[in-house]
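According to TrEMBL, the features are:
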type: COMPBIAS; residues: B:1-10; note: compositional bias 'Basic and acidic residues'
type: REGION; residues: B:1-37; note: region 'Disordered'
type: COMPBIAS; residues: B:17-29; note: compositional bias 'Basic and acidic residues'
type: TRANSMEM; residues: B:51-70; note: transmembrane segment
type: TRANSMEM; residues: B:82-103; note: transmembrane segment
type: TRANSMEM; residues: B:176-193; note: transmembrane segment
type: TRANSMEM; residues: B:205-229; note: transmembrane segment
type: TRANSMEM; residues: B:241-258; note: transmembrane segment
type: TRANSMEM; residues: B:270-292; note: transmembrane segment
type: TRANSMEM; residues: B:304-322; note: transmembrane segment
type: TRANSMEM; residues: B:328-346; note: transmembrane segment
There are 2 protein chains.
Amino acid sequence: MEYRRIKDQDKDEDAVHDDVESLRGKPHSDSPINALGGSSVDRTKWKRKSVVTLALTVLTSSQAILIVWSKRAGKYEYSVTTANFLVEALKCALSLAALARIWRKDGVTEDNRLSTSWDEVSVYPIPAVLYLVKNLLQYYIFAYVDAPGYQILKNFNIISTGVLYRIILKRKLSEIQWAAFILLCAGCTTAQLKSNSDQVLQTPLQGWVMAIIMALLSGFAGVYTEAIIKKRPSRNINVQNFWLYVFGMAFNAIAIVVQDFDAVVNKGFFHGYSLITVLMILNHALSGIAVSMVMKYADNIVKVYSTSVAMLLTAVVSVFLFGFHLSLAFFLGSIIVSISVYLHSIGKPQR
Amino acid sequence: MEYRRIKDQDKDEDAVHDDVESLRGKPHSDSPINALGGSSVDRTKWKRKSVVTLALTVLTSSQAILIVWSKRAGKYEYSVTTANFLVEALKCALSLAALARIWRKDGVTEDNRLSTSWDEVSVYPIPAVLYLVKNLLQYYIFAYVDAPGYQILKNFNIISTGVLYRIILKRKLSEIQWAAFILLCAGCTTAQLKSNSDQVLQTPLQGWVMAIIMALLSGFAGVYTEAIIKKRPSRNINVQNFWLYVFGMAFNAIAIVVQDFDAVVNKGFFHGYSLITVLMILNHALSGIAVSMVMKYADNIVKVYSTSVAMLLTAVVSVFLFGFHLSLAFFLGSIIVSISVYLHSIGKPQR
């Protein structure tokens, strides 16, 4: 099995992972510098992991805030497919710009050259295809569930990511970390409870099945991306991103032709774009890159925690920005998610 | 400090406690018999602890079901004070009956004789007084909070019991057990969420303060009762119960005179009693004894877990008995409480 190898190749990363885990939450552990044995390489790795995780959290919450802002400003008047295409194009451009800097500094090496082999690149379209199938299913699930219900069912993603992470990447979570992960799912759902949330229990069987399939597709896409990126630990992340995003661009170009061909031809590619649209594209591009970085330097579990905490941050910020009210359910959910984060950090597996 | 001694006197109990903890949840532990070293004394203690905990859980949930049943059957037509008095009297009678059996079997000893010293008996009225003050406050808190809001605020009891258990009885909970305890509180509250629960957030400051004072009184009464009972580990529990309940009878007799004197004189002591009333008195008496037994052979933490699980059981049984609907919040709360129980059992403190 191909993924088994990733685990072994990645032992070094893994060791750092454990150290980071221990110093993040354990009150009895030594200071970060002692815990990492004072090695500056390890310190750099730990810093890098923290920075990308923080970036993902901040970008994801500002993303949600931009969506609320754009909804308040009026309906989407631009073609969503063109915006998605531009997000992928921008990510490609940013990866190339980062690579250009690296080439100037270090020269072109085996690890940072853009040219690739069929063996390396052949798996890169798979996440894009998985997300495409998931997005297609999204249209059909609304026949069975309304939008608030779908928001609640989407929390299955948390569980599916944990299960697939364990099965496909063969990484172990301790019993406490599993308990923490189920709590994360329960806490996020609790935080989202509205007075009409019980309707989701009336979802017909087809709706449940589709929600579970979508959660599995989404979880599989995330775990598969991590597997691709970690398969070659020494390969430069910007090269890996470049190839991921090239296929993203290709699939979104097809989507423009299929869905919005007439609108683009008649009204132009950029019709209906506003300042918010541009900010959203910029934000999506940056958070997309942050996700890749988290996959490279941390893992899917960190990604799930990061986006869950971002969901809570969004709600708190919305109180100040938009005068939202926080519900009792939100407070309870936040407590549960906080304890989940704490338990995850103290519950690292014993080896 | 008097309570410090309890801890030392009780080391034997404590050791059993730990063994029971380890075998209840830890998947890697040996079988019960191995874990307890095969000692039949330890096995008996473990069995006794399990039986009283199970009894308390079952009695508490049937108690809630009887309350729902009696509400459906119509309003309370009997004097609540006479029923409370009869509960205390029945508990006294049952303790005496148990003692009579023990005296016939073992003879009267230092540990099971009914006569007592001022030093032993002087602290017994204190829990009764604390509960009386708490029940008086209960009338005043409804000026600030409605009944469903009060149900939610009552979950502070869980936290106050944990804190006072730590401070007064000097028993340690591990970090994981503290996390589990906060989860228990959050999970119980989540399970009770209704569409109008957010109103509780509008509670005025006086309401919050009173709710916290009531939680502290209730927690203190529980922890103090445990301290009294555990202060003399070898003293027969039925003697300890007898003296606790004698003061309960006395305080409830005063309550009859103050509140329902006219009704009792004009309509008689047993006016308005029905089959349900008799069943409720019987149930309250048995669960009162079960609480004392849990204090003697387990502790307040076990009591809180037992009554919390009973709350969930009641809701599930009510679905079948009364056609209640379970909400999404209830499912989420049940998951969180279950994980809390699991974490408490695996998270025993290291010594």
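Placed from the backbone N, Cα and C atoms, the Cβ positions cover glycine too.
Fewer than three CB pairs closer than 8 A are found between the transmembrane segment (B:304-322) and the transmembrane segment (B:205-229), and contact between the two stretches is not assigned (pairs 6 or more residues apart).
Between the transmembrane segment (B:51-70) and the stretches B:205-229, B:241-258, B:270-292, B:328-346, it is B:270-292 that has the most C-beta pairs under 8 angstroms.
Within the same chain, the transmembrane segment (B:328-346) packs against the transmembrane segment (B:176-193): three or more Cβ pairs sit under 8 Å, each pair at least 6 residues apart.
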